[in-house]
């Protein structure tokens, strides 16, 4: 496989010009985007379709496109960045940081706590999080999101990262009144209102599966993770504090059901969520701006409407 000379691969879904509606698959550089399908017609123009390719040379094709200086770069200011993927399954892990479990006064789980969201919850960078009229207790949760790149069933922890295409930033927005009190405290109902799963801005490709150079390697289980609300830091931790690391989560889930390319996994949030704060809990209101940041993966910014 050809080696990249540019560092990490960051793939985005974008609309190239204001007024257009068709989404495109691109490679994100510092201040520009390369349209992958325009440069190589064999590359699908959709993230999930691309990840579903069985071809072993799909990463080489992307690397070749990015390395070719003759390929047109589109200034990022001329593009609208969308959610990087329209996922298959949206799987979520609850209480996966010890400090978060402690602040919630819940027992440290012995196995991953699993719930889900529906695809109506997905939105992208700079999209508005819509505060539903049915909830007065909407909360934030910065999370690292795993993107599956290869069908996984009964995989071992030692092999699990080979099934991970990459990672992105997510916000597991939660209506605490529905999650914890209303209608028998159903987590699903509290987690899957429209726009309650912002993700982005890009999928940072797992260097192991793309055979990138050693200097691009990063450990997804040891990244700083932070959330700011209106400029004030409300969550600040590291994925080193995972109770169940990414290998454990992927392996565990694959033994329960098949993971397919394009499935995504929210891996849990650190301490600092709004509803637990004493004496004054914090809930999102119209006009708030939330910034979720993860080392190596970038920043995801959304406003509340």
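Each residue, glycine too, has its Cβ placed from N, Cα and C.
The annotation in Swiss-Prot ties 141, 143 to divalent metal cation, and of the candidates under consideration, 119, 159, 172, the one tied to the same site is 172.
Other residues of the chain with a Cβ within 8 Å of the Cβ centroid of 141, 143, 172, the divalent metal cation site, are 92, 140, 142, 170, 171, 173, 174, 266, 268, 269. The Cβ neighbour count for residue 172 (divalent metal cation binding site), using a 10 Å radius and every protein chain shown, is 27.
There are 28 other CB atoms within 10 A of the CB of residue 143 (divalent metal cation binding site), with all protein chains counted. According to its DSSP assignment, residue 141 (divalent metal cation binding site) is coil.
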